[in-house]
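Structure record follows, encoded as structure tokens.
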């Protein structure tokens, strides 16, 4: 064997001279680079790979046809390689390459042996096909084919011929092995896990680089609607829990136990993220490097083709070689681009998992006060999305610079010193852009802060939508939100202008660099090299231009990442209980025994507490002991700090002095029920069980003890009833009962109840206390009796407490001890006039109720038995001891996606844009695209003229016009960007937000039964963010790229009819591809947006109930749930990104075919000049880049338009459900009398389109017939869930009556309220809701009180003084302008704030009427007589005089003022309607009576309808005629009582009359309250 046929093979070459037509490499070059170096590299990489796989478990069955085939072929290939090695030793001495031949065969044989071993381990212990084998076999296969051709052409003997035949056989073996190795092993796994269920988790490099693994998903999306639950899982490497575990290791200074440690040990968040995802971050580097090389090869291809056409002798082999080179280059570009983006997108979604999990975990570590100010929902949504958008072109930073350096060197070899022109311009633009980028971060932070405020405001409003509508604040809140939106858009102006500047700077190098370079070198550069120079400049400027455009998003992303880091650096709550010994202070009290040490639940020693470090003390000098297994009650006046003390024991409030010692039993779970019940948006049963183990008997026990059985039997879906966002679909009492039941169901050894009885009716309160806290109650009967703490205003139960703690108004402990001691020491407790336990216990605690109560309520013993039987029948216990609820399942949101026409979405988005602006935008884009593409054709004309015998124009002419075209293109690009950002984006964004939020504020409450808070928040967070940020950028990019693409296609068609003949085929192929793509991608876009709503809802739930969850040790369960929701949201988003790059791969393949067609055309037909070939290939070089950019921008645009589609669908859905918006607007003075009439009205919470059955559970109100006279004060009573709040909602137009309801069935002052616009109705009727709403953190006291901003400071101060709130505000730095912190207010103070807000509304209304009317209307202050003030003072002094002298509670007598009695009959005094929905549920009796006086004086002539559970106003303050009896004041505040039960009026009359009726239901309620002579 000598292969000595050609003497040129002995040289390095690389091109052989004088042999094989000159179209081949030398044999020496091939032996070195084809047969030696690649196998040697494989040997180096294979050894550590085998070592890493050796210890891994076997996960794939090796007894299969695939494994056998690979091993057999591997051994056959090894035998062949050994044979070739032996034959190589037979070479002649004259053959100078025999040594190189031998070394090549030794290395190749060794690599073949090692490949068999690698194949074994890769097959059995790796989920994917072997990447190292895929790359090695694929690369060496192409090299071996080329080498095999050379060997065949170099055969010089029979031995050479035999050698070549064996070598050909090894090539065939390697080809089959490459195919077998690339096959998936999915069906051969020993154990199937999430990786085997993923689409790409078991695929190899070939499948990944061609995206063939998406074929099943694409076909499925094309043929059928996609469902979220049908999407495949992500592979193990992208599991959230796995990623977060690694992320936590690198964020020790931010999260976990070391949170809050020394900041010097912290890594910047960007570094921590890079360290966590180091391998995913590095994987895209190799394909990106390959892409750089292939991209630069395009310039050499253009040079080779133009050189071939310029040559006189054109060899056919060279033409075929150019065609082959074109195939290799463009196939390589397509594959490397796909692999690069695949790995980079995986990194981005891994980063999203880490950041989202980190933000959620940090949220669980923060205090309630910190969470209220942080508004972290924006971080999880908007900021993370901007971080990912900024990191999208992360690898372009280094890749573009490397490519720029290489291309600059190539330009230097051709242009010498002139290469500095394009490079200098590029550097100058880069410096300018860096300067711009320095300012983007600051502007971006400002914008994000305003976005955060707006989203937090909307989230707060949506969480309290019922209260907003009841309070008539919908229009006011709408104005506030729209004002915040305008502020946000103004804040975005700086970022938008800088983005325009950055994008304009990015266009400068690409458009101006060719002009100045050709102007300087046109006389010295050969015309045939012009296209090569232009191509090289394009390779220099195009990636840098893309990089420049990425600077603004990158800086914005880094600014958002900095905001996230700031959030992660917040000080965590310092929990003083837990399993961490360093955080736990156990009780050590002298030499006491361990049993005695742990007989305490809590002990506070000289404790002082404050909400935040810089805030004043809310509790001070606290010394108390809460014993284990004892019942401790905490009482005190409104604002004394009862709730604060509960939070202090939980560790939620900062301890500034003293110690809090925690007993052993309180280290674990603590069941905490706050004043505002925390409920997640799930079923009632799920809220009660709440991650505890299911126990049927315990479940039934707690719902009976809590009184929930009565309500469950009357709800349509029973246990399976959805509670809605924040319990929207339930009454306040029902929400509280569920929270109580949850605490009872838990296995906690310590239970803390914060004012849980205040929102319950008298009978329910009595039932709850007797069955839960009483001597025979549930908590005292349990064998492991827990420590129970109850904060309450219901002081009648104090005699039954084991220990009593009394707080003073100054925030310290006034007294504490047992009842017997405190009731006789002359202190605060004795002044309450509560009767002793011997008088209370027989009737309250032992279940001896009054006969009138037992006989006249629907829930008798037999009813309760039937309720219990119904309850037990509803529950079906499955074999795994989990309960399921029979009956209709709650219908959740549908995950089937349908997409309406895309054009409709564009019309909806652009409807607010003027026609002039839209036409100008399109015209400027067309100008940009045409003048971008046409100069390349202009170069073709220049070359033709330059190569002709008689030139028509000088070079200056051609360069001048060439420069003019580029200048016009730059101007068109700038105008396109400016118009899109200003005239389109700002106008459309403002219009979309305004119309949709206004529609939601007008929507009926039934809408929020089907759409939860998280979903709606997602619309105004993620979707609006896409509309504001991503949509204008992607719209600009796509329209410009589309204009360029069409212009290039037109220019190419004009230059060659042959190329135009390919267009129909290319268009048909692209149409089919895009149609297949859109069917799937549009569904995935909607799913990706919708899948985030549950994640955001879960996040909002945790933020709202953080104290409850932290106390119950449930954060781990919620973290796991967050991980599940995060993974679900990742699936459609990740698959969408992959589908987008599948489309890019197909477009690159189409470009490849066009390039092959052009090269084939010019090399084979040879009737096209150099100009056509050069211009065509330059355009194709740019065309591929433009298509890639167009694909990305189109994908982003479609994603953004998916958000527009969702917003459009939401608007249409809301508008279709909204009623009453076409009604009338009555005169400003309406209602002037307050005459209310209801005639046979029934109503349901189901929308009017839903089927409603006429059953107890289906109707909220049943056949209500009611007439309320002007000026009448009506109290609505009844147990929780009886329909009291529903009646208020009906009067406000928020609850829809049945369609069968007749005309004029609901009238106020003679007008049917259904004919009045609902927004107007809520504004005209003043209402005070049970729960107070506040603006987000940062809003001042005055802004929260005077939402309209129409009152003076003196008016606001006057009202606050009347409500005894001014002293609280006066203590704040800044007074009314200081930031309000609602979490520092007690529930009673919050309710007083609501009353103050209503008083201000009434005064503003009176002022507006006076200004609009010529009638002089006396003001409230004029109607308030001096005698009333004196009488009020007398009442209070009388009360103080008898304190401590009577065994009855001292009640100030309410005497109505003369104005109140006469105002309703005066024509010059306008009345109205005031609705009070349990506004006094958290007030003590003295505070309640004081504010009834204020309401009476502030609202003269008003018809007042009040829902109340507080019946103390009806109890006489003198000696009762018999024990347990109650009477009403003859001249009291209320002159009419209505009792509701099951949605029906069961009693109606004057309080005195009803109390004197022996079987009165109202009398039964009052007797329940009278047994303690105190409010219930």
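Backbone N, Cα and C define each Cβ position, glycine as well.
The transmembrane segment feature in Swiss-Prot is assigned to 72-92 (among others).
Residues annotated as transmembrane segment in Swiss-Prot, with sequence analysis given as evidence: 99-119 (among others). Same-chain neighbours of the transmembrane segment (99-119): 1, 3, 28, 31-32, 35-36, 39-40, 42-43, 46-47, 49-50, 70-71, 74-75, 77-78, 81-82, 84-85, 88-89, 91, 130, 132-133, 136-137, 181, counting only residues six or more beyond its ends whose CB sits under 8 Å from a CB of the stretch.
Per Swiss-Prot, transmembrane segment is recorded for 267-287 (among others).
Taken from Swiss-Prot, the feature domain 'ABC transmembrane type-1 1' covers 289-556, and the record attributes it to sequence analysis.
The transmembrane segment annotation in Swiss-Prot covers 289-309 (among others).
Among the features that Swiss-Prot reports, transmembrane segment is placed at 321-341 (among others), with the record citing sequence analysis.
Annotation comment: Swiss-Prot describes 387-407 (among others) as transmembrane segment.
What Swiss-Prot lists as transmembrane segment is 525-545 (among others). Under 8 Å from some Cβ of the transmembrane segment (525-545) lie the Cβ atoms of residues 295-296, 298-299, 302-303, 306-307, 310, 396, 399-400, 403-404, 407-408, 410-411, 414-415, 422-423, 426, 429-430, 506-507, 509-510, 513-514, 517-518, 936, 939, 942-943, 946-947, 1170, 1174-1175, 1177-1178, 1181-1182, 1185, all in the same chain and six or more residues away from its ends.
What Swiss-Prot lists as domain 'ABC transporter 1' is 602-834.
If you take the C-beta of residue 1284 (ATP binding site) and look for same-chain residues 6 or more apart in sequence within under 8 angstroms, you find 731, 1276, 1277, 1278, 1477, 1478, 1507, 1540. Sequence annotations record features per position, and here Swiss-Prot assigns ATP binding site to 636-643, 1278-1285 based on sequence analysis.
For 915-935 (among others), the entry in Swiss-Prot reads transmembrane segment, with the evidence type sequence analysis.
Marked as domain 'ABC transmembrane type-1 2' by Swiss-Prot: 919-1199.
The transmembrane segment feature in Swiss-Prot is assigned to 957-977 (among others); the stated evidence is sequence analysis. Within its own chain, the transmembrane segment (957-977) is flanked in space by residues 500, 503-504, 507-508, 511-512, 514-515, 518-519, 522, 920-921, 924-932, 934-935, 938-939, 941-942, 945, 1036, 1039-1040, which lie at least six positions past its ends and keep a Cβ under 8 Å from the stretch.
The transmembrane segment annotation in Swiss-Prot covers 981-1001 (among others) and is backed by sequence analysis.
If you look up Swiss-Prot, you'll see 1035-1054 (among others) marked as transmembrane segment, on the strength of sequence analysis.
Look at Swiss-Prot and you will find 1142-1162 (among others) tagged as transmembrane segment, backed by sequence analysis.
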Number of other Cβ atoms within 10 Å of the Cβ of residue 1282 (ATP binding site) across all protein chains: 27
Stretch-level contact, the transmembrane segment (1035-1054) and the transmembrane segment (267-287), CB cutoff 8 A, at least 3 pairs: no
Within-chain partners of the transmembrane segment (267-287) [C-beta distance under 8 Å, separation at least 6 from its ends]: 237, 243, 246-247, 249-251, 253-254, 336-337, 339-341, 343-344, 346-347, 350-351, 354-355, 395, 558, 561-562, 564-565, 568
Within-chain partners of the transmembrane segment (915-935) [C-beta distance under 8 Å, separation at least 6 from its ends]: 511, 514, 962, 965-966, 968-969, 971-973, 975-976, 979-980, 983-984, 987, 1039-1040, 1042-1048, 1050-1051, 1179
Neighbouring C-beta atoms (10 Å sphere around the C-beta of residue 638 (ATP binding site)): 22
Cβ-Cβ neighbours of residue 1280 (ATP binding site) (radius 10 Å): 25
Collapsed DSSP category at residue 640 (ATP binding site): coil
Which same-chain residues, if any, lie at least 6 apart from residue 640 (ATP binding site) yet have Cβ under 8 Å of it: 807, 808, 809, 811, 1386
